[in-house]
Amino acid sequence: MAQDNFSRVTEFILLGLSDTRELQLLFFTLFLLAYTMVLLGNLLIIVTVRTDPKLSSPMYFLLCNLSFLDICYTSVTIPRVLVALLSGHKVIAFEGCMAQLFFLHFVGSSEMFLLTVMAFDRYTAICRPLHYMAIMARGACWALVTACWVGGFIHSIVQTVLTLQLPFCGPNTIHSYFCDVPPIVRLACADTALTEWLMASNSGLISLGCFLVLVASYALILAKVRARLSQGHWKALSTCASHMMVVTLFFMPCIFTYLRPAGAVPTSTYVCVIYTIFSPMMNPLIYTLRSSEVKESMWRLWKRCRA
């Protein structure tokens, strides 16, 4: 009965990164540049992999899916941030906020699962090369990618339902540039202790679990190649090191953000920039510039386009 006296929040105000106009224009330029790099880089990867028969191995199939997820992941938040930075309009409807939260976790968790699958793919290729094509057959790859999407959907549905069942009666100011679980839960006008722990167990444990699997797979690869560091194994080791650097930049901020109750000390907005913008921008660079096959295919594609 007490909640009947509350007026339900119909919109939220996203404070963004800064109230200073000069900084807003600077962030707009940087975000636009990063988003352009994400779109062009990942679209180039998708077109290259899809048009070159030589890039038909499971690794490039998974890389193509990662590029698609990166485009979706950044498109959930950055376009609206760009509009807000340029126009100064920081209001988002309640329904739009919940939709952004759902798709952010849907695509983000799907990418976490896919990065874990890609680490397993590298482990199989390096440590069990004779069985690689049997283990990572095309049907198995499709099944793994589908499992990533289904797992991401289930995770996101849980997060969204837990958020929707909370009452919001004011204030409606979100200390971030996008709608996410921790800053929204802090605005609920109810005891959210149980909900916070459920959400932390969901998002936080998924982030931590996937990261630990990634670390374990790369540790096994390191142990395997340590005894026979030929030129090819040095290249594999160098590639794994660069991949590990990127996934660390993606997972560590997520673990820091989600593996704790939402009522804890708020996460810095600039920490969120690392896993929502910087890490997706780095993926095309790390996963293509380290591969001579992809670079050669891109060069062939460029020559065909000019012909």
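The backbone N, Cα and C atoms fix where each Cβ goes, glycine too.
All TrEMBL annotations are machine predictions without curation.
Worth saying up front: this structure is predicted, and the values here are computed from it rather than measured.
Feature annotations, courtesy of TrEMBL:
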type	residues	note
DOMAIN	41-287	domain 'G-protein coupled receptors family 1 profile'
TRANSMEM	25-47	transmembrane segment
TRANSMEM	59-78	transmembrane segment
TRANSMEM	98-120	transmembrane segment
TRANSMEM	140-158	transmembrane segment
TRANSMEM	204-225	transmembrane segment
TRANSMEM	237-259	transmembrane segment
TRANSMEM	265-289	transmembrane segment
Check your understanding: Who are the chain neighbours of the transmembrane segment (59-78) in space, where the CB to CB distance is under 8 Å and they lie at least 6 residues beyond its ends?
Key -> 31, 34-35, 38-39, 41-43, 45-46, 49-50, 100, 103-104, 107-108, 110-111, 114-115, 117-118, 121-122, 125, 138, 141, 145, 148, 177-178, 276-277, 280, 283-284, 287, 294
**Study point:** Stretch-averaged pLDDT - the domain 'G-protein coupled receptors family 1 profile' (41-287)
**Key:** 86
